[in-house]
């Protein structure tokens, strides 16, 4: 293969006879050179992005030394198996793959469907932390890194049946399986995790900026078994990708669409507010929701109800409660696996049966809409510095045969970041309240009127910035037009 010096040079590597239609698209850099045919790929820092189904193959510094080989399997690649670092192949920007996992991931694209499904079922328990998650901190880990990971682990533990246990050193680990919480000195801002349990030593990298709750909870979500939401096999119904910009920015490998066989979602709906969903800038966006009202919902800093439900189903936590003797949960909630007499509720709902407004703040209240516009100025303030988010829930209700109109006039949060990560207001006027609602964190550029699909709209304000208020100004009334169960 001839050498090509270009920032945007690409080449395809043919793998196996059974995968003749599968290409590996490799994004090269100026200093790239080829030197023989004995190996598939060697990366200077043992870190690359695995190209799958036309995905760009690059390392974190975008510099690599590559050797062409048209027939060798991924398992035969040299230079990737550094078990102490655990850094092998990377897909979708922050998901680590071992050589075997990379090979399985590629071969699944050309295998028989039923065979793939059987394999997934047979190995699923091996990828689950059925005995809980033991974790050991790198001795060099900062206090911020430790605090961020613990906060994220506790959030997942609180509403699942998965226990996280801190172990002082590797020597004190019981059994073989544990997370090693660390960072990479060569990639100080890297956030990386494997998906599911590997078995044995398993690193999770939380570099600078990744110690915050949203990033740490996202990477822990990977470690528990979750892929990115925007890579779901059914994403085409919910998002549109700006492929021109994706290719221009060399981000193709981040947006590979998983197959149905690779991607088990347990029949749960697509949630724009999943903590596993990437956000996108409002202008010149890469990811655009098919419903524009969700544009700033993507990139959420909070673990969503669907995230929790999916992990509970993935670990069979939902089977721990007997349906005949467990709590009856309204509004899509489900019995808590740690206390079957209580419910885990969608955000915006609380109480033992998910039929009450959460008592998450003193000023939250329920207001009743009439045919006349009324003012509502909800707010929340965060007083702690523990890295968590403060929330405050309001309800707007109206007669059952009516629907609610909300005119958003102003929103004041700390910073209009992607995904309203620092604070904002969530309005659950959408049809399915198990899903995250519409989120906003800046004043609307033009009149913004939202119409509900039911006679109740939970409004949740949240803030992750200490000693700062998030507040909104809005008007509400019930819609004077004809309404039905599909909204107004």
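FYI, residue positions are counted from 1 along the chain as it appears here.
Glycine is no exception: its Cβ is also placed from the backbone N, Cα and C atoms.
Long-range neighbours of residue 219 (active site) (same chain, six or more residues apart, CB within less than 8 Å of its CB): 94, 152, 191, 192, 193, 204, 205, 206, 210. Annotation comment: TrEMBL describes 219 as active site.
Residues or ranges marked as Zn(2+) binding site in TrEMBL: 218, 222, 228. Under DSSP, residue 222 (Zn(2+) binding site) is assigned to a helix (H, G or I) in the three-state scheme.
In the predicted model, the domain 'Peptidase M12A' (117-318) has a mean pLDDT of 93. According to TrEMBL, the domain 'Peptidase M12A' annotation covers 117-318.
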Inset, instruction - Measuring CB to CB from residue 218 (Zn(2+) binding site), give everything in the same chain under 8 Å that is also at least six residues away in sequence. - result: 94, 191, 275, 276
Inset, instruction - Return the residue, from the listed binding-site residues 222, 228, with the maximum count of other C-beta atoms within 10 angstroms of its C-beta. - result: 228
Inset, instruction - List the other residues in this chain whose Cβ sits within 8 Å of the Cβ centroid of the Zn(2+) site residues 218, 222, 228, in sequence order. - result: 92, 94, 95, 193, 219, 221, 226, 227, 275, 276
Inset, instruction - With H, G and I counted as helix, E and B as strand and the rest as coil, say where DSSP puts residue 228 (Zn(2+) binding site). - result: coil
